[in-house]
Amino acid sequence: MGLPTLEFSDSYLDSPDFRERLQCHEIELERTNKFIKELLKDGSLLIGALRNLSMAVQKFSQSLQDFQFECIGDAETDDEISIAQSLKEFARLLIAVEEERRRLIQNANDVLIAPLEKFRKEQIGAAKADSQIGREHQNFYEASLEYVFKIQEVQEKKKFEFVEPLLSFLQGLFTFYHEGYELAQEFAPYKQQLQFNLQNTRNNFESTRQEVERLMQRMKSANQDYRPPSQWTMEGYLYVQEKRPLGFTWTKHYCTYDKGSKMFTMSVSDVKASGKMNGLVTGSPEMFKLKSCIRRKTDSIDKRFCFDIEVVERHGIITLQAFSEANRKLWLEAMDGKEPIYTLPAIISKKEEMYLNEAGFNFVRKCIQAVEMRGITILGLYRIGGVNSKVQKLMNTTFSPKSPPDMDIDIELWDNKTITSGLKNYLRCLAEPLMTYKLHKDFIIAVKSDDQNYRVEAVHALVHKLPEKNREMLDILIKHLLKVSLHSQQNLMTISNLGVIFGPTLMRAQEETVAAMMNIKFQNIVVEILIEHYEKIFHTAPDPNIPLPQPQSRSGSRRTRAICLSTGSRKPRGRYTPCLAEPDSDSYSSSPDSTPMGSIESLSSHSSEQNSTTKSTACQPREKSGGIPWITTPSSSNGQKSQGLWTTSPESSSREDATKTDVESDCQSVASITIPGNVSPPIDLVKKGPYGLSGLKRSSASSSLRSISAAEGNKSYSGSIQSLTSIGSKESPKAIPNPELPPKMCRRLRLDTASSNGYQRPGSVVAAKAQLFENAGSPKPVSSGRQAQAMYSCKAEHSHELSFPQGAIFSNVHPSVEPGWLKATYEGRTGLVPENYVVFL
């Protein structure tokens, strides 16, 4: 029930009813006054809490900003660099949100506190002061009229002067929340890419951990005196008997022995309570040439595990004491002592070795033939192992001395898992790995290079340095793995997954150490490069001018060229976002990012909930030298025929793999997903936003992006593409027509530098969202030496580009090594022009 009205005529009568109605208004104003006081108090507490929260978040952000990741090994993968930089990205994002919160707090006093306080004091207070009118007898009627007018005025002004400040404060609060929403939208692509990096790193960690754990268990179960091979035939601590005036003393020495030169070295290494270096006292090493070694008779000395040696430089014998009987046997064996030569414990002895002979080649070919004939689309091919007893039976049957070299494999007798496990077991048990110990370090150094192009060229050259049989076997195997990867839509065995499985098998380290285990991730990359660049590596001669890999120190500059969030001023959103960095800056070119292993469910939460409207682009597939041409594979769901499925060229790499001179174009990361009821056209995954996927320059044709399909029932996606594309919308996507002026589809990559993760922003906290556009023309091959006309004008952003007006005529137009760009001549000057800016005449 509302307040009764106050009539001016009633004020002259001053009736009891008028007094009662007037009192109702005064009581309401008093209640409003108390409420505003409480509201101001609570508002001050809210602002104080926001200020404390802001300070806490800023301190948290600073902690994230200051922390520095360090990784094991002398080089880092792009995944590790991205993950190491992620904390700084989180810090920048939080700082951007806190900047908006700071503005909210600064304006809160002017928007909320001051207006309400002013209204309470000036309006309600004035009405309360007028309540003294009862005591005034002079000019009673005139004052009464003014009082009634004031009461009415305050009651009406309360409706807007009281609520308006609250609305302004809430508007500011919602502006802050909207800013957080925009930042979350902007952060989503980076978050997805970081999830890819994390999943990829986790898979690498799992494979590395298994190898390290296996090595640790072998060391635990083996005799503690087992020592991996090194530059010395034998080394370790021994006690040396030294004569003293009153008897003998035993001094601990660190001794080494080289069997080839027969040089024996002793370095004093004894612990003194008052010595320096934490009690460790070391002396200069003494070197001797060994003459003979003999075991000391047990009853001739009161010490155990002793043996005597004679050296050229000293007269008499030197008595040494080992730590155990097994350790003494190893020393005697190394020095050709008069003890029998004992072998290493059986548990660490090598498995039965295989060889690259006729039987081995036949076995590999038969296994591959069986897999390709009946099981190349089986889910988890090569990842899921067979039963050990069956695998061992297959190996014993095939490689038995009585078996002929060309023995057939009965595919009815052996299941697919047993055959694939047998193939891996054969390669794993070779006396020397297929890539050889000699070239192992060279391959590792090659893929540690920051230069993506050099990686491929160096691996190409090193493969041709392999022995003929090794290269022939590698050719057979990699050709098969390429076929397997082309069916990753069904078997989920992407190039990245195959690299994880066959990397340690083909590039087994000679020394089983933790340091060698840390290089497993680079072994995987070598295999990925071999698969993706199969045609070039095995069917073309390497460039003789490519220098062989040289050992290099860990680069400290790679991490500085990482993802960055600018804190510049806000700019309005445009339809298309232009270049995100200066042409000469490191951030202008994007380095390869890695893509994760194939997983059906991982990172798929964004696939079906984003973008009810899809903007798309069609890029021109091109067949490049050393690569596999783009193919279109029909796929269907429940009998419903779907659109052709674009698959990316294996020439682009999946993790840190280098591209050739023809660096993969952004537009080659096009993929199409078919869902019953709605079909989306190919989508350009390149988002030129602050967290856009421009960092996928090379990983655009990642093995994980090789193929995508969506089943009607569960909408499961092969590979890990699902969280990258976000296409599976619940509503039917609609294509947006071509804009008048398309942006340059493919930013040129500078081949002389390799920046890290290329997520740039054009100077704003909430940058312009990535734009996708549709190319109505069908893909046409680019011919050499033709004329072309410019459809749009263009201003050069780099010294190697051409500036030209609309309608300009180009001559001698032919493809360039830059993806998405053509080389042309205009007005006597030759340079690069965007491929989608011109039409051939």
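Each Cβ is built from the backbone N, Cα and C atoms, and glycine gets one as well.
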- Message: I'm validating the feature mapping. Which of 191-227, 709-745 is tagged coiled coil in Swiss-Prot?
- Response: 191-227
- Item | phosphoserine according to Swiss-Prot, picked from Ser15, Ser649, Ser680 | Ser649
- Query: Out of Ser9, Ser485, Ser707, which one does Swiss-Prot list as phosphoserine?
  - Reply: Ser707
- Candidate set Tyr177, Tyr181, Tyr342, annotation phosphotyrosine, source Swiss-Prot, matching residue: Tyr342
- the domain 'SH3' (783-841) touching the domain 'Rho-GAP' (342-538) per 3+ Cβ pairs under 8 Å rule: no
- Mapped DSSP class for Tyr837 (phosphotyrosine), helix or strand or coil: helix
- Query: When a 10 Å sphere is centred on the Cβ of Tyr837 (phosphotyrosine), how many other Cβ atoms does it contain?
  - Reply: 23
- pLDDT averaged over the residues of the domain 'BAR' (7-228): 77
